[in-house]
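From Swiss-Prot, for reference:
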DISULFID  Cys27-Cys38  disulfide bond
DOMAIN    34-155  domain 'C-type lectin'
CARBOHYD  Asn35  N-linked glycosylation site
DISULFID  Cys55-Cys154  disulfide bond
CARBOHYD  Asn109  N-linked glycosylation site
BINDING   Glu127, Asn142, Asp143  Ca(2+) binding site
DISULFID  Cys129-Cys146  disulfide bond
Amino acid sequence: MGRFIFVSLGLLVLAFSLSGIGADQHCPSGWFSHNVSCYKLINDWKTWDEAQRFCMDEQENGQLASINDVGESVKLSDEFSKTWSIIDVWIGLRLSKRKSIWEWIDGSNVTQTRWEEGEPNNFLKKEFCVVLTSRSRYLKWNDKDCNRRHRFLCKF
């Protein structure tokens, strides 16, 4: 009897372990995960403010994505590269006009910067929002006019 319980328990543990392989268990359908966050690539063209509102409406606690470490950056690069190759993508970083510093929309600290060479340049003095650039395989940032339309990345 003891051996049967031990083997049954082992099979149960194995089944639960395998059920999580390749699945985003804690994310809704259409979203992918990295660590404890969920992400969704949105194929609509929106201004930065429109994209932020869309993310908030799409999912409770949704925001344009913050990117807080290199591992997260690499995961996002891999996901974007599967889908798009020549499209820049809004993320949740913008220049605070009040404080003149870059801030994540979700309030998390800017712990790293991944600017493309020569960026941010505030071209024509109206680039206050940030995209992941396709030419960098979505690893680097560029400041852009917030009123331009781009596809975007939501996170919760």
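Think of each number as a place in line: the chain as shown, counted from 1.
Cβ coordinates come from backbone N, Cα and C, glycine included.
Neighbours and distances for these, please.
In the structure as shown, the Cβ atom of Cys27 (disulfide bond) sits within 10 Å of 17 other Cβ atoms.
In the predicted model, the domain 'C-type lectin' (34-155) shows an average pLDDT of 93.
If you draw a 10 Å sphere around the CB of Asn35 (N-linked glycosylation site), it holds 9 other CB atoms from the protein chains shown.
Under a cutoff of 8 A between CB atoms, and with a sequence separation of 6+ in the same chain, the neighbours of Cys55 (disulfide bond) are Ile42, Gly62, Gln63, Leu64, Phe152, Cys154, Lys155.
Mapped onto three states, the DSSP output places Asn109 (N-linked glycosylation site) in coil. Other Cβ atoms within 10 Å of the Cβ of Asn109 (N-linked glycosylation site), summed over all protein chains shown, number 9.
DSSP gives Asp143 (Ca(2+) binding site) a strand state.
Listed in sequence order, the residues of the same chain lying 6 or more apart from Cys129 (disulfide bond) and placing their CB within less than 8 Å of its CB are Trp48, Trp90, Leu93, Arg94, Leu95, Asp143, Lys144, Asp145, Cys146.
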Counting Cβ atoms within 10 Å across all protein chains shown, which of the disulfide-bonded residues Cys38, Cys146, Cys154 comes out on top?
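It comes out as Cys154.
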Going by DSSP assignments with H, G and I as helix and E and B as strand, what are the residue counts for the domain 'C-type lectin' (34-155)?
31 helix, 38 strand, 53 coil
Can you tell me how many other Cβ atoms are located within 10 Å of the Cβ belonging to Asn142 (Ca(2+) binding site)?
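For Asn142 (Ca(2+) binding site), the count of other Cβ atoms within 10 Å is 20.
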Beyond Glu127, Asn142, Asp143, what residues of that chain have CB atoms within 8 A of the centre of the Ca(2+) site's CB atoms?
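After dropping the recorded site residues, what remains is Glu119, Pro120, Asn121, Asn122, Phe123, Cys129, Val130, Val131, Trp141, Lys144, Asp145.
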